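Listed features, source Swiss-Prot:
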- 188: active site, proton donor/acceptor (ACT_SITE)
- 318: active site (ACT_SITE)
- 98-100, 126, 129-132, 139-141, 187, 319, 324-326: substrate binding site (BINDING)
- 331: site 'Important for catalytic activity' (SITE)
């Protein structure tokens with residue numbers, strides 16, 4: 001039995017594994033770009049299949065493709081979407097910057113599979129042509145940007161945003177639950193005036209709410225599709241109604257608000273929509289890193305740290321120190337946030353580096369974008385499930401630190417003035433006294449006045465979180 005078959009493209013014949021659906025151009029890419037291990041993301045492959053499916057339907061409706069061929073292409077695309085042919089898409093991220101080889105990989109797989117569905121022999125009887133039929137009314141230059149936007153928008157809507165909302169809700173519930181717990185605040189890693197634990201967590205909630213708004217603001221641009229621009233944005237070789245119809249078809253089959261890009265030149269020449277959307281993801285990463293750092297600092301200890309909150313103990317933390325448990329969810333979240341920030345630099349460079357009518361950094365851009373979405377979505381889910389939901393206050397420790405803080409002296413500013421209040425704090429710190437003892441020793445106020453004026457619960461403003 002032959003292990004290879006001969007496939008042809010415009011450069012001639014080349015041997016292809018006999019059991020594979022791909023053709024000559026895919027094989028050439030495999031042989032010429034043996035670079036690292038990163039492959040085109042499955043979600044991007046499926047977005048390409050969705051794009052080809054929609055194009056086949058619209059080309060049929062416009063009388064440009066026979067019903068027989070269009071139906072076979074759609075059936076083949078549905079098989080790809082069902083995961084039946086995942087191993088037919090082996091190409092590296094590090095290929096042509098337009099994604100042409102991955103577009104042709106999809107064209108060849110769908111053409112060979114559609115030909116089989118129409119009774120042809122794999123690679124022998126080409127009843128459906130990869131360029132003339134599967135790629136009809138298209139160019140890699142508008143197909144690949146379209147697939148990028150489809151994959152990105154679906155990932156944001158289905159993966160990231162739900163997890164962001166869930167984590168925000170969890171922290172909002174914690175903020176309300178801890179609204180009456182007065183604790184010491186900290187600025188510059190030094191003691192500051194009091195606030196409630198609920199107020200502190202409300203800041204985290206507001207950060208995430210703003211992040212959601214920024215991400216949602218970026219979505220309409222991502223929903224604009226380049227399809228119909230063909231090679232340079234002019235729409236050469238397309239029907240006048242094709243661009244609008246194919247965007248409408250993609251909107252229907254994905255249940256997402258896709259529209260045809262109003263300016264195809266921008267859609268082909270730039271990656272601005274993804275640069276801007278990833279900027280919002282970078283902002284989310286910055287917020288999550290701050291939250292995770294705050295959580296692990298507040299939970300530090302158990303005996304020699306801050307220890308104001310407890311977090312779930314999920315696994316042993318040391319191979320040498322018995323009983324040690326570490327804030328592993330916080331550490332995982334901070335690491336992936338660093339990766340997202342690095343991805344943002346690469347995406348910015350790629351987005352800024354397109355020349356004239358086409359950006360040619362697209363595979364790298366979408367690889368990093370989808371990785372960031374997956375990291376953030378999975379990271380938030382894990383952090384929420386294994387850490388955030390289990391945050392609990394250590395009231396005894398909170399009260400101990402609150403009552404030992406010298407910064408409660410700030411409450412005296414309006415009664416005895418800043419200079420005398422500072423003198424009290426310095427004396428207490430230098431001599432190891434309580435604030436009350438130092439104040440009485442200096443004779444600046446009576447015991448009754450101190451007890452009336454220095455009341456932490458009255459120093460937090462409204463007890464409502466967010467005040």
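The backbone N, Cα and C atoms fix where each Cβ goes, glycine too.
Feature map: annotations from Swiss-Prot on the structure.
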residue: 98; record: substrate binding site; DSSP (3 states): coil
residue: 129; record: substrate binding site; DSSP (3 states): coil
residue: 139; record: substrate binding site; DSSP (3 states): coil
residue: 188; record: active site, proton donor/acceptor; DSSP (3 states): coil
residue: 318; record: active site; DSSP (3 states): coil
residue: 325; record: substrate binding site; DSSP (3 states): coil
residue: 331; record: site 'Important for catalytic activity'; DSSP (3 states): helix
Nearest-integer angstrom distance between the alpha carbons (Cα) of residue 331 (site 'Important for catalytic activity') and residue 325 (substrate binding site): 12
Cβ contacts of residue 98 (substrate binding site) (under 8 Å, same chain, 6 or more positions away): 140, 141, 144, 358, 360, 362
C-beta crowding around residue 131 (substrate binding site), within 10 angstroms: 15
Neighbourhood of residue 325 (substrate binding site), C-beta criterion under 8 angstroms, separation at least six: 313, 314, 315, 316, 317
The residue listed as 'active site, proton donor/acceptor' and residue 129 (substrate binding site), Cα-Cα, nearest whole angstrom: 66
Residue among recorded positions 100, 131, 139, 318 with Cα closest to the Cα of the residue listed as 'active site, proton donor/acceptor': 318
Local Cβ density at residue 331 (site 'Important for catalytic activity') - other Cβ atoms counted within 10 Å: 12
Rounded Cα-Cα span from residue 318 (active site) to residue 131 (substrate binding site), Å: 58
Alpha-carbon spacing, residue 139 (substrate binding site) to residue 318 (active site), which is rounded to whole Å: 55
Inter-residue C-alpha distance, residue 318 (active site) and residue 100 (substrate binding site) (nearest angstrom): 49
Count of other CB atoms lying within 10 Å of the CB belonging to residue 100 (substrate binding site): 20
